[in-house]
Amino acid sequence: MEPTQALRGFFLLATSTVLFVNSVPPLRSRFLAYGSRSAQITVERTTPNPKPKDIKTTTKEKEPSNDGNPLSRLLDAVASIQVPHSWFTHFYLVSVASSLFWAVQILTQGRVFNMVLSWQQNASIEKKDGFSKIGMTLDQITVVWTLMMMQGARRLYESTILMKPSQSTMGFMHWVLGVGFYMAIGIAIWVEGIREWSTRRPSSPLLIRVHTAALLRETPPTIWDIGLAGPSIRTLLCITIFLFASGVQHDCHRYLTSLEKYTLPDLPIFRTFICPHYTAECLIYLSLAILAAPEGSLVNATIFTALVFTTVNLGVTAELSREWYAMKFGEEKIEGRWRMIPFIH
């Protein structure tokens, strides 16, 4: 099994787990909801057509099952393991740390990078195909790494500076899955280019070029061999999508943190989408998947499986958000709004 196959397997297994948990009501109610969505809601409407100020909301934590079923008690015990919602910050700390760690490893031919390289070489020998498949180029690795670093740094800023202190919690398993995802995506953004470092073939002129002198050496390319070149149309398009989606997501997060607790968002984009910041997240990973696509491929398969997980995971959360809004404010207040993906979800 190659490193790329292991990563794809992880993302697809995580996706299947989320879909399974969402399809089983006892699991869905215990493990998927977090933050405000995890609390039961009692709504008192003081007028027939209430405005937000006319709605009184009280919340209480879900009580454990008392049916005496050993399985139910076990699920309740696991679901009761909670961590502070502020631990979301750990996801982006891991993302930034992972980006920096692998940049140093790749540029210095570090021990951990060489372990991954040996893994790939051994898997290729077993398959008797060497490094015949075309992978990412050095320019793609550089650009995608830079964008992923920007994404992690921005989200770290938002989660530490913009977010308000909260007593909300999330499940420990949710936290573990999130940390695992960001550790994996830190490898996924470059692993399909690992052949570039082994075969020492020149990088194609996408956005970065490797100087000719590097091709005459017996060592892999280094940071000193990288120079700027003209971007392709695909690069410009993907970077534009990435920056646009990042800006939309930042504006959404800034707006949401400015709201009073338990308030229905009323920004224009929230009148179209229940969770536009989730839509933006999917666009960010879609742009990376296309930008990192090897020659002859539409997308980078490893990053695409990460996109599949992101879409499913956020899609489930968007559905929970819609249910919460409908319960608190009434179905009529959110009628006609897409959850996350126009015309689909």
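Just so it is clear, glycine is given a Cβ too, placed from its N, Cα and C backbone atoms.
Residues annotated as transmembrane segment in TrEMBL: 6-24 (among others). Sequence-distant contacts of the transmembrane segment (6-24) (same chain, at least 6 residues past either end, Cβ-Cβ under 8 Å): 31-32, 177, 180-181, 184, 187-188, 191, 301-302, 305-306, 308-309, 312-313, 316.
Residues or ranges marked as region 'Disordered' by TrEMBL: 44-69.
Residues annotated as compositional bias 'Basic and acidic residues' in TrEMBL: 51-65.
Outside the transmembrane segment (91-110) by six or more residues, the chain places 141, 145, 148-149, 151-153, 155-156, 159, 178-179, 181-183, 185-187, 190, 197, 220, 222-223 with a CB less than 8 A from a CB of the stretch. TrEMBL lists 91-110 (among others) with the feature transmembrane segment.
Taken from TrEMBL, the feature transmembrane segment covers 171-191 (among others).
The transmembrane segment annotation in TrEMBL covers 226-248 (among others).
Annotation comment: TrEMBL describes 233-344 as domain '3-oxo-5-alpha-steroid 4-dehydrogenase C-terminal'.
Here TrEMBL flags 269-292 (among others) as transmembrane segment.
What TrEMBL lists as transmembrane segment is 298-318 (among others).
Counting only same-chain residues 6+ beyond the ends of the transmembrane segment (298-318), those with a CB under 8 A from a CB of the stretch are 4, 7-8, 11-12, 14-15, 18-19, 22, 32, 37, 136, 144, 181, 184-185, 188-189, 191-192, 274-275, 278, 281-282, 285-286, 288-292, 339-341, 345. The average pLDDT for the domain '3-oxo-5-alpha-steroid 4-dehydrogenase C-terminal' (233-344) in the predicted structure is 91.
If one looks beyond the transmembrane segment (269-292) by at least 6 residues along the same chain, the residues whose Cβ comes under 8 Å of a Cβ in the stretch are 136, 140-141, 143-144, 147-148, 151, 189, 192, 234-235, 238-239, 241-242, 244-246, 248-249, 252-253, 255-256, 298-300, 303-304, 306-307, 310-311, 314-315, 317-318, 321-322, 325, 334, 337-342. As a summary of secondary structure, the domain '3-oxo-5-alpha-steroid 4-dehydrogenase C-terminal' (233-344) carries 79 helix, 2 strand, 31 coil according to DSSP.
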